[in-house]
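K.L.:
Quick paste of what TrEMBL says about this protein:
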- 19-37: transmembrane segment (TRANSMEM)
- 57-78: transmembrane segment (TRANSMEM)
- 85-107: transmembrane segment (TRANSMEM)
- 127-149: transmembrane segment (TRANSMEM)
- 161-182: transmembrane segment (TRANSMEM)
- 202-219: transmembrane segment (TRANSMEM)
Amino acid sequence: MQAVTTKPETQISQTAARLSWASAVLFLVLLAALHVIKPEFDPSWRMVSEYAIGRNGWVMTVAFLSLSVSCAALFVAIRSQIRTAGGYVGLTLLLISAAAIAAAAFFTIDPITASKDSLTTHGNLHGLASMIGNPGLTIAAILISRSLTRAPSWSPARRSILWMSNLIWICLLLMLLTLAVMLPGSGGKFGPDVLIGWPNRLLMAAYGAWLISAASRALKLHRQSA
């Protein structure tokens, strides 16, 4: 693999990297807390987005906004370090994903048990945002990670960053396979027999872990160059 030359690490925005790191950590903390705050949603088969429904739903809204801010801040932090075409595509997808996640925060999902006749506009918009944000952030993580780790200054973090990006697509694939295998067996309806909840939570955790990993390396490089 041919190494690429990035701009000086001093051009990494320390403020943006810190914001990305802190926002990703906040997202994971809030997501974990919601399992205690809203125990009525069985984590084995209910989506994390459903935590936004009803009482204390604002906590999930803040969690999604934190994830969105983390993505946008990482874009600012590392854009000077991207020097490949694939990396630039990844940066674009990262921004698009940030916008989609923010939209998902503002448009509350309908319960996955809702009938087609009871679906709402805001629920459909949440679904559309998820269809953009999930694959968008997955592809962004892969392309950005491959671009960054080709630079010598990022090579020490190559294993962790690539591992985290691979974990994202594996979790997304697991979630899709779970739907493909279990949903037909339940007549196309969500319920306790469709164990989509755990893959969904693993995917969210993988997003946060990758953002933390990339932001941490950016912060370390900035400190070393200061």
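Each Cβ is built from the backbone N, Cα and C atoms, and glycine gets one as well.
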K.L.:
What else in the chain is close to the transmembrane segment (202-219), if you only count residues 6 or more beyond its ends and a Cβ gap under 8 Å?
P.N.:
12, 14, 17-18, 20-21, 23-25, 27-28, 31, 48, 67, 70-71, 73-74, 77-78, 81, 134, 137, 141, 144-145, 148, 154, 156-157, 160-161, 164-165, 167-168, 171-172, 174-175
K.L.:
With Cβ distances under 8 Å as the criterion, find the stretch in 57-78, 127-149, 161-182 that has the most pairs with the transmembrane segment (85-107).
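P.N.:
Stretch with maximum Cβ contacts: 127-149.
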